């Protein structure tokens, strides 16, 4: 089938590539900007494992075409996917108008994260223009770092759909990704949009809850990681999203939660819990800084700190909203020089820092740590899990390890002659 | 050399004024307006974004001519020069009064701008959430501990300008603690988190008992929260503002956290210095510089404008006329703007502590009134409190009405429905301000004809004089001009009265006797030396 995909989000790129791979003839329309430039220059628009290969293969096979976005070219495909940036509702409206005029399209699939009710509004807009096309909501549930896999082998698919024919067509398109068992959960348009935000809100709440527990654990001198395993073994709770750490980041997660709090507020429903969740998270992003500050009793000016990992999660090159940024700002404000290593995210970090003199980027993690008064582990890239402790101990100015992801064994690290603090580990 | 307050030229002017006042006592404002259609044009002036209308005062152009002659006989112009040349206009303490230097530009006052820059660094760290408590938490609450000039000025201006956000960052919650008895600080500390609280201890001498008692309480509270972290605690949680760095250090303020001002600034004139830290935290450094700029404009006006157009001079002369020639010994300050809630108490200190004096430079007591009793309240609230007395009581009272002509929405949301509503409320307030000053001035003659046949208890006598100060808008810059206007007016009056506005010897002795009273209350010893009343009260308090 011919399918058009609109947008420059990670979701758009993965959707376009994965649908092409399953045999569709896909045209990916990309709005002007960074992503379009990258695609035009033959670069991979997102540092997402497997994405470059998949896009390359599908373009080479001729099933995927990448085009600058235009609304007056060829007539629309029978199915059109929208994976636009958050806030781009106006653009979504324009695309809907174009579809209505173009005639051929029967299905508009909205994957964008918009306020609850946007898909319904798009449906209304199409109906007004006497278009037969139906709108369905397919909220993206991609996890950065494993985005391809989470599209190809989804654990669940939320489908907002009020029309049996549209559902049949959607099921047909999703069939290759829905094989082992039926993971599609059909609900109303609004319910699907809201469910997506509610999931993010719940996950964020779990994380902030654990971070609050970590604070308490520290006071009570118990190890939150042991507690986490115990809590997670209760089947009513489960293991996921229980890690205490130095805060979650990324665009998607925090954005969803903020969108949800905005929605609650706009309906004059108190958003106190979620506001707290976000506040705890913002506070948590500075937890390593506070440890560092306390260790030196506030006398930190002129010191040097190493940060391992700037990406908001392993596998990503993105730094937005991540704890590293807040940490670096806090350190800069106290005249601390920051040395950073990250296997992927340094270019993004450099662009964000805008040439700040107190940021030094390193290709080698040990060089970053040399002479440092503290090493902050912020992103748990695999390569950081088993460092050469004696080398760190001997090369650091103060062998102070601040483990923002609780990936090290406190006793072992201390046994190697280093100072260790994790999150909620006494 | 200071100019002379008294000269031979004064006697005939004073006599002429007394004769003129003999007639003026029989004037009614309603007649003055009826007789002169151009009264507003003649008797109002505008500068620095302020329109000052004194046409509702019981005077004429001739009155002001005579008052200016009196001012010249008192060498007012010489005294203004002396103030700005840095002569020792504060002669009882042998020092100049250079508060105007605090608003000069960097080239003219480098030491002032050094301190402003240091204050700017602190403000920037706090607003960006980068001033850290001793556990590394961002400061969210700032408590200003000070009294008198270290409290009233910053409190007044921070409250007045709360609509104006800093250009960047997040304003901390501001709290003011002044009272000696702990009734303010104790409940406040209960609500605050020590990890995120910064205490600003403001005291020119850094020996003020009230302030140090509160600061000690705050320190003990922090020490309980962070035992064994004395050094970090002082560095992270205390900023000191004072003219006395030795005392600050002695008390434990970290040298990096000491902001200085100077002996040549009187406490009640000090909100322009680092004492204004809470103001800068409210509006940001840019806003603070705008405040200074507004004051600087008024300084220039005061130095340069001829007496006939000089706002501080005119207001000073009007006050002198009311007190010394019309015998009106009370003045009410009535801002029609909730944001100026603390302006009356600020002015009470500025005017009464400055000019509540009665001895001239050569030590002779004056034989005329000086500063009147000043009190005030937000006008629209005062209408429901003491306006009854203004309208129908027996006391003549002069009033200052202060109001912003235009309402500017705080967040640039000029179209929103909320803005429309607030603009309507502002109009309502302005209408009340104008209506009240009109009724006070004209009495029953402000009313339609059919209202004139009222029983006596419903009648309005009128003839209460007032001045209306209309600000273009209540902004940092215009507030700066307004405050500087009053500062200079106070100085003008002091020249006309031949007194020193820059000392406050009258408040010193009370502190000393209070110190001696403490052991009497503690032990009950030393009662014999006291008067019967105090003896009785001590016994009761101790029982």
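Yeah, the Cβs are placed from backbone N, Cα and C, and that goes for glycine too.
Any TrEMBL annotation is an automated prediction that lacks curation.
Marked as active site, proton donor by TrEMBL: B:353. Classification of residue B:353 (active site, proton donor) by DSSP places it within a helix. Annotation for residue B:353 (active site, proton donor): same-chain Cβ neighbours under 8 Å, separated by at least 6 residues, are B:148, B:268, B:504, B:507.
The active site annotation in TrEMBL covers B:384 (among others). Secondary structure at residue B:384 (active site), as computed by DSSP, is coil.
Positions annotated as active site by TrEMBL: B:511 (among others). Around residue B:511 (active site), the same-chain residues at least 6 positions away in sequence with a Cβ under 8 Å from its Cβ are B:209. In the three-state DSSP scheme, residue B:511 (active site) is classed as helix.
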Q. Around residue B:384 (active site), how many other C-beta atoms are within 10 angstroms of its C-beta?
A. 9
